[in-house]
Amino acid sequence: METLFNGTLALTGRDQETTGFAWWAGNARLINLSGKLLGAHVAHAGLIVFWAGAMNLFEVAHFVPEKPMYEQGLILLPHLATLGWGVGPGGEVIDTFPYFVSGVLHLISSAVLGFGGIYHALLGPETLEESFPFFGYVWKDRNKMTTILGIHLILLGIGAFLLVFKASYFGGIYDTWAPGGGDVRKITNLTLSPSIIFGYLLKSPFGGEGWIVSVDDLEDIIGGHVWLGSICILGGIWHILTKPFAWARRALVWSGEAYLSYSLAALSVFGFIACCFVWFNNTAYPSEFYGPTGPEASQAQAFTFLVRDQRLGANVGSAQGPTGLGKYLMRSPTGEVIFGGETMRFWDLRAPWLEPLRGPNGLDLSRLKKDIQPWQERRSAEYMTHAPLGSLNSVGGVATEINAVNYVSPRSWLATSHFVLGFFLFVGHLWHAGRARAAAAGFEKGIDRDFEPVLSMTPLN
């Protein structure tokens, strides 16, 4: 038996001679060492969860309840607030203790994962096939691979149902559309109609359609999670019980690198969808926590100046702008009354502070004259001055504006980071898919190891 002290552990499976991969090729050294690969993955999970817990506590320590979350550069607390923890009417934070608990739970979990990762990387068996056949595998074993796929799908389905249970039974989640400016509520009347749920998938991705990103009520979102959770769990059971069909055995490449490329492609798609969701959707990502969307900030500016000039005596229904179109109000291509000026391009925006002022034909002139509430004015003025502008290097504001306030919206951060991550994951997919296909066809070249520069360098040790 191999132990820490009998010397064999030192290098096998870790150096270029025994694996064909140098240290910097990462987990490629562990392709055939299922026990060590398990250690690498568990340790990686520990690092992820440690970051989540530490960053969570960092945000709690720096949090100022009097300022909106999006003014404080927070990226984790908005997610917890969206799940209904610690917030009350209007998205006001009334209790930060749940956030503290979340951070501590993640830190404790990361310690457990870290221990498990180090154990399996250093002490545990190099391969699992002999001692723990249930957890062992061979990459070419198609039946085992689809069983593992099935287990993963079931875990994803359980994750979807956790959100359903939180929203429906355990305290509810934050609904930005609740009357009077948002509140936490239980989602009980779920949308389970397949025509509505799958109708989102059939929508055009453009304009007022917006594909699944256009979802704007929580009943649809939570009902969608019921459908997704059910499909994932049933699909998982199916993949555990069945073997791949002949067409799948022929069509797919069955190697570790191929599975890596499939996973990277899936994560890339998730990243691009998340980018669009966080940028455009103010229901799943409430503006109270993440700041307004771009269209929302633009429409808020038009609304704010309509309110101001109407108080100063302007007739907002008939005033002409410099182009001859309406200065404050105009008509959309389909005839609705919309805000005039540059914000006309964002006429499809729907936001909780604006919808009460719409009638059957768009913005209702009589409501704009008589029904505007103070909370709508306050909120739009706040959103107008917090547009999601800014760049990845945290320089906020319009690029051409010399007096811009250095503010970067969490929406900018989350959307750009997920776009960039989605892009790099896609490049990784192409790279590994190409290598996997070449290996399967038997013509991979790789780098000529005989003339690699590193071979002529002095060893580091």
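Glycine residues also receive a Cβ, built from the backbone N, Cα and C atoms like all the rest.
Of the listed segments 310-334, 360-384, 435-459, Swiss-Prot assigns transmembrane segment to 435-459. The feature transmembrane segment, as given by Swiss-Prot for the ranges 96-116, 243-263, 390-410, sits at 243-263. The feature transmembrane segment, as given by Swiss-Prot for the ranges 7-31, 57-81, sits at 57-81. Counted as Cβ pairs under 8 Å, contacts with the transmembrane segment (279-300) are highest for 57-81 among 57-81, 122-143, 166-188, 243-263, 435-459.
Within its own chain, the transmembrane segment (166-188) is flanked in space by residues 81-85, 87-91, 216-219, 222, 282-283, 286-289, 352-353, 375, 379, which lie at least six positions past its ends and keep a Cβ under 8 Å from the stretch.
The number of other Cβ atoms within 10 Å of the Cβ belonging to GLU355 ([CaMn4O5] cluster binding site), over all protein chains shown, comes to 11.
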